[in-house]
Amino acid sequence: MHSINEESGEPEKKQSYNRFPTAIISLVNSHLGAGMLGIPLAYAKAGLVPAIIMHILMGLISWFSFYFLTYSSEATGQYSYGDLAEKIFGIGGTIVVEICNFSYTFLPLWAYLILIGDFIPSLLRMMGVDESNIFCQRWFIILIVGFFVLQPLSWFRTLNSLKYFSSLGMFSMMLTVIVMIIRFFSPFNEEVDHTHIQVLRPSFSIIQTFSALCFAFGCQQNVPIIHSEIKERSTKKMNYINLWAILIVGIFYMFAGVFGYISFTQLFFDNKTTSGNLLTLYADKDPLAVVARIASLITVLFCCPMNSLPAHEHDQQEEKDVTKERINNNETEKQKENLEQKEQPQQEKDNDWWTSNKIGPFTYDFLRSCLVGSIMIWIVIVLAIVLSQVNFVFDILGSTGGVAVGFMIPALMFWKIIRNPNRFVDAKRKCYSKTPEGIAE
């Protein structure tokens with residue numbers, strides 16, 4: 001049952017995360033994902049000591065960005081990344097944010113298809129399928145899975161059933177780290193050369209290390225939502241949750257980076273067939289690696305539709321924001337007043353041309369959604385076949401959408417609020433202080 005808010009008379013949503021540990025697990029779950037598979041190569045490109053220093057620095061920067069988002073949400077009363085952006089930046093700024101969010105959900109599909117093209121052939125070779133067989137060719141696997149699995153899934157408007165698999169990625173990545181540690185102390189074969197470990201590797205590729213870590217630590221879009229679902233929430237409580245989550249994730253990532261790099265060192269550079277995916281460097285018949293590959297494959301298969309749907313939503317939101325901006329710029333004040341006076345449901349009914357027209361049993365809106373989903377999948381299929389380096393994708397994500405969504409935008413939100421609290425602070429919230437110290441209580 002929902003309780004009733006005494007001031008507004010509206011039903012309040014039941015809080016999902018009533019306990020401190022549950023919120024920590026939720027935030028860790030948002031962090032740990034396929035980006036971890038590229039961290040050992042990121043360590044290899046920088047050398048052990050610079051990579052560890054950058055790793056710690058990225059954890060600190062992430063904590064600050066989490067704090068900025070938590071403070072901004074609590075101050076404004078907006079508990080989603082998109083609503084927060086619209087409140088602070090207006091429609092024009094929201095369009096830019098939505099474009100960044102779209103790239104942050106669309107480009108991982110490219111990485112996931114590359115990983116699928118890595119995992120399935122290695123599993124088939126382990127079962128005795130000849131390497132020359134077409135089913136062991138990564139381009140063929142990417143085509144088949146892309147067209148016949150991911151494309152139909154991209155047509156769905158809701159994927160509620162997949163929410164039960166949301167923790168699968170976290171556990172599979174933890175399992176992968178355990179495999180790395182076990183195989184470091186008990187290698188499956190003795191062919192791995194540990195003599196090429198570099199404490200320091202002076203190179204411009206250190207920039208790629210930063211990009212990969214930036215992507216791996218990115219889950220900032222989920223922070224306002226998780227914060228909103230905590231019972232008796234406060235900025236101070238959420239900061240402790242953020243700190244514990246980053247410590248846990250940072251330790252797992254560091255284990256992955258150190259043990260993954262030391263185990264293979266020069267193979268990251270000598271093996272021209274690797275896509276930057278650590279699990280491709282283990283022997284095909286290594287039983288522990290097989291378990292890790294299967295777990296990661298299942299995770300990636302579920303992550304693809306869970307990323308394509310948000311990409312749809314960001315694309316549609318961009319369209320709405322552009323339309324709203326055009327109306328604000330072009331229409332007269334009288335027309336704006338008429339639109340405001342009109343009931344919102346009636347506005348939606350009048351303007352929803354896409355849902356009122358059909359071809360057979362399918363609305364134009366559904367067909368448009370299918371077309372957009374298919375185009376997205378076709379693009380990532382081509383990208384995954386032509387550019388098959390998963391670390392390259394992680395670098396692009398980390399240096400573009402990752403930096404913008406994860407760090408620059410949260411910092412800018414925080415800066416704008418503390419510069420002009422009277423404009424942005426929500427007076428209806430429980431804490432009426434306009435200072436960070438007051439809101440932190």
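Note that the numbers count up from 1, one per residue, in the order the chain is shown.
Each residue, glycine too, has its Cβ placed from N, Cα and C.
Residues or ranges marked as domain 'Amino acid transporter transmembrane' by TrEMBL: 21-421. As annotated by TrEMBL, region 'Disordered' applies to 328-352. What TrEMBL lists as transmembrane segment is 20-43, 49-72, 84-104, 139-158, 164-185, 241-268, 288-309, 366-386, 392-415.
Counting C-beta pairs under 8 angstroms (sequence separation of 6 or more), the transmembrane segment (49-72) fails to reach the transmembrane segment (164-185), with fewer than 3 such pairs.
The stretches the transmembrane segment (20-43) and the transmembrane segment (366-386) do not meet in space: the count of Cβ pairs below 8 angstroms, excluding pairs fewer than 6 apart in sequence, stays at fewer than three.
Scored by C-beta pairs under 8 angstroms, the transmembrane segment (366-386) has its highest count with 139-158, from the stretches 139-158, 164-185, 241-268, 392-415. Comparing 139-158, 241-268, 392-415 for CB pairs under 8 angstroms to the transmembrane segment (164-185), the maximum falls on 241-268.
Residues of the same chain lying 6 or more positions beyond the ends of the transmembrane segment (392-415) and with a Cβ under 8 Å from any Cβ of it are 35, 38, 61-62, 64-66, 68-69, 71-72, 81, 84-85, 88-89, 97, 100-101, 103-104, 107-108, 110-111, 114, 207-208, 210-218, 220-221, 276. Non-local neighbours of the transmembrane segment (241-268) in the same chain are 20, 23-24, 27-28, 31-32, 36, 39-44, 48, 51-52, 55-56, 59, 62-63, 66-67, 70, 173-174, 176-177, 180-181, 183-184, 187, 192-198, 213, 216-217, 223, 226, 230, 274, 276, 278, 281; each lies 6+ residues outside the stretch with a CB under 8 Å from one of its CB atoms.
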